[in-house]
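What follows is a single structure, written as C-alpha cells, with notes after it.
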Amino acid sequence: MKKILSGNEALAYGALRAGVKVVSGYPGTPSTEVIATLLEMELPDTHVEWSTNEKVGFEVAAGAAFAGHRALATMKMSGLNVCYDSLIGIAYSGLQGGLVVFVADDPGVDAGMCEQDTRGFAIMSDMPMLEPGSLQEIYDVTVKAFDLSEEIGGPVFIRLVTNNSQSHGVVEVEDRVAPKASAPMPPFDPAKYTKAGAKICMIQHQALLDRLDAAETFISREGLNKLQLSGEKGGFGIISVGITKGYVAEAFERLQAAGVDTSAISTLELAGTLPYAKADILAMLQHCPKILIAEELEGYIEKFCYLEAYKNKLDVQFFGKEDGTFKRIGQYEARLIENAIRKALGLEPVKNTLEGSPESIAAARPIGFCAGCPHRGTYVGMEKGFKACGLKKEQVFITGDIGCTILGSCPPYNILWTELAMGASIPLAQGVVHSNIPAPVFATLGDSTFFHAGLPGLANVIQHNVDMTVVILDNGWTGMTGMQINPGTAQEYQKHDWKHMDIESVVRGMGVKNLWVVDAYDIDGVAKATEEAIKTKGLKVILSRRECKIQADRHGVKKYYNVAVDEKKCVGCKMCIKVSGCSALELVDKKIRIDASQCNGCGVCTYTCPTKALRKED
C-alpha cells in the first residue's frame, strides 16, 4: 500500500515490516517521530517506549536483541554520545537477534545542538552504517538492516539527516510482521557477553572486525551499492552517500535542462560509509581520473579514496573538501552539487535565483517562550529574588541546560550563562563554586533533563554539600521535542501501566533538606524561595512547578485568570513586554493590548507593571 510518510515514519514502518519486538529511545529532534509514530499504534507483542535517556534506551533494545528478538534504538546525534559506552560493548560482544541503531544527524543545525558527524562513531566502533537517501530507500533499507544485523551477529547503524528524516512523500509499504510473543532462554556464554579479561576482549575485537567484513559481503550480495560506469574509460565520476544521492540526481536534471550531457558521467551511490565499498570505489578510481565526492560534513569517504588511490598508484583528481570544493559545515543542496560538477567539467557556475539561503533572507524571528510558558514565571521570579538580595542578574552565575529552559539565555531574560549537555548544569555549577567566584551560583534544568542526566549531578552535589542552588523547572513534559512523556509526567497521561515519579519525593529521598516547592506562576513565591536560597548555606533545591501551557490547552484547561488592562493607568512604558517577553502583549495606540488568542491568563505580566495597569481577575 502507498502512504504519505516522513523519513522517520518510513523508518518506523520499515521496522514494523521487519518484525521488530522492542523499540526504545529518547526524544530528540530530528529523530523523534519514529517512536512517536509507533506509540500511536496498537502493536500486540511489540514494546515501544520513551526511555529516561539514550543509554537506557539502547540497553533496553540491546537486551531484547540479546534474547534473540529484533530491536530498534533511536536517538539524535547528541544522544549517541550518551549511549556510546554501552554501544561499543555490544559491538564487541555481538548479539543473537537483530539490533538497529537509528541516529539522526543535523547538518545546518536546524534542530541543534551541533553538526556532529556520527559516521565517525561507526568508524571508531567498526560497526556497519547504512545511509539511505530517498524516503522509499529509508523504508527498504530499514528492513534490510535487520537482516544484515542478524546475518553478521552484531548491531547496525542507520543514519539519516534532518532533510530526509523530516521530508514527506509517497512510500510503498507492506503489512507489519508481528514478532513472536516470547523468546527461549538465551545461552549462558560469559566469554561472549562479558569483558572479563584481556584475552576475551581481544577475541571479541577480532570477531567485531570479522562482522564488518561480513557486512561488506552482505551489501555487495544484496546490490545495495549502485555503481554505473560510463562506456568510455577516462571520464568524470561522482560518489555520493545518503541524502546527497538525491542532490546529485536533481543536479543532473538541472544540468540536462541547461543542455549539459551527463551520460558520460560515472556514478557510485553508496549504501553507507562503513564498511567502505572497497571494490566499487577502486573500480571508480581506475575508470575515472576526475572524481567528485559528495558527502555532508566530514570527508570520511574522500579520505578513503585518497588512500586507495595512493595504495594503487592511481593519478586521480578529487573534488571535495580537501581542494575546497565543499565545506565541512552546513547542509548541501542541488545547486551546490551542480556548481561542483560544473567546476570539475570546466563549465561556468550558475547563480542562485535567491540571494542567500531561505534561512538567511527570512524575516528575523526572536526565540522565546510560548505565551503562558511557566518557565517565564520562574525566571522573572528569580530575578525579583536577586533584586531583593541587592543583586543584579549579572551578579549571579546561573548554568543552563538542554530543553525549553535554555530559552532563559535569550532576551529579555538573559539570565543563563551556559548550555553544555543534558544534565551538565549541576556539575558545571559545582565546578564554578569550587573556583570561589564572588557570586551566588545556581543551576537550572527541566524535569525531563533531571531524569535523563540530572540525577548523578544532584547526587554529587548532595554528597559534597556544595553551596549552590539547583532550580528544577517542572512542566511535566519533554517539551522542546514535542511534549513527550517522561517519568515525571502525571499518572493520568502515562501510557499503558507506566508509573509516574514525583520529583519532590525523589529529591527528598536523596537527602535534600533545603527544598522549596513553588508555583511557577507565583512570581512572589519564586522570588521569596530564591531570596531564602541565597541566604541559606549548603545545597538548596527549588522545584518550580506548572504544566506546559501547550499541553494544558490540549487538556482543556481554560484561562487561569482573566488578565485585564486598565488603560487609564497604562502609560505605554512597555515594561511588561521588556521584562516578561510575552508574545501575547502588544502595544496599540501607545497602550498595552492583550492578544486573547494567545493569553492563558498566567498572570506573570501583572507582576511586571510599575503602574499596576495589568490585573488578574478571577
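Each residue, glycine too, has its Cβ placed from N, Cα and C.
Look at TrEMBL and you will find CYS570, CYS573, CYS576, CYS609 tagged as [4Fe-4S] cluster 1 binding site. Listed in sequence order, CYS582, LEU585, ILE592, CYS605, THR608, CYS609, LEU614 are the same-chain residues six or more apart from CYS576 ([4Fe-4S] cluster 1 binding site) with CB atoms under 8 A from its CB.
Long-range Cβ neighbours of CYS599 ([4Fe-4S] cluster 2 binding site) (same chain, at least 6 residues apart, Cβ-Cβ under 8 Å): ALA371, GLY372, LYS559, VAL563, ALA584. Here TrEMBL flags CYS582, CYS599, CYS602, CYS605 as [4Fe-4S] cluster 2 binding site.
According to TrEMBL, the feature domain '4Fe-4S ferredoxin-type' maps to 561-589 (among others). Here the domain '4Fe-4S ferredoxin-type' (561-589) has Cβ contacts under 8 Å with residues 368-372, 376, 380, 411-413, 595, 598-599, 601-606, 608-618 of the same chain, all six or more residues outside its ends.
Under the heading domain '4Fe-4S ferredoxin-type', TrEMBL lists 590-618 (among others). For the domain '4Fe-4S ferredoxin-type' (590-618), DSSP puts the residue distribution at 4 helix, 8 strand, 17 coil.
Each of the binding-site residues CYS570, CYS573, CYS582, CYS605, CYS609 was scored by the other Cβ atoms within 10 Å of its Cβ; the lowest score goes to CYS573. For the pair formed by CYS570 ([4Fe-4S] cluster 1 binding site) and CYS602 ([4Fe-4S] cluster 2 binding site), distance between Cα atoms is given as 19 Å, rounded to the nearest Å.
The two recorded residues CYS573 ([4Fe-4S] cluster 1 binding site) and CYS602 ([4Fe-4S] cluster 2 binding site) have their Cα atoms spaced 21 Å from each other. Under the three-state DSSP scheme, CYS576 ([4Fe-4S] cluster 1 binding site) falls in the helix class. Per-residue pLDDT, averaged over the domain '4Fe-4S ferredoxin-type' (590-618), rounds to 90. Using the Cβ center of CYS582, CYS599, CYS602, CYS605 for [4Fe-4S] cluster 2, the list of other same-chain residues with Cβ within 8 Å runs, in sequence order, ALA371, GLY372, ARG376, VAL563, SER580, ALA584, LEU585, ILE594, ASN600, GLY601, GLY603, VAL604. In this view, CYS602 ([4Fe-4S] cluster 2 binding site) is surrounded by 27 other Cβ atoms within 10 Å of its Cβ, with every protein chain counted.
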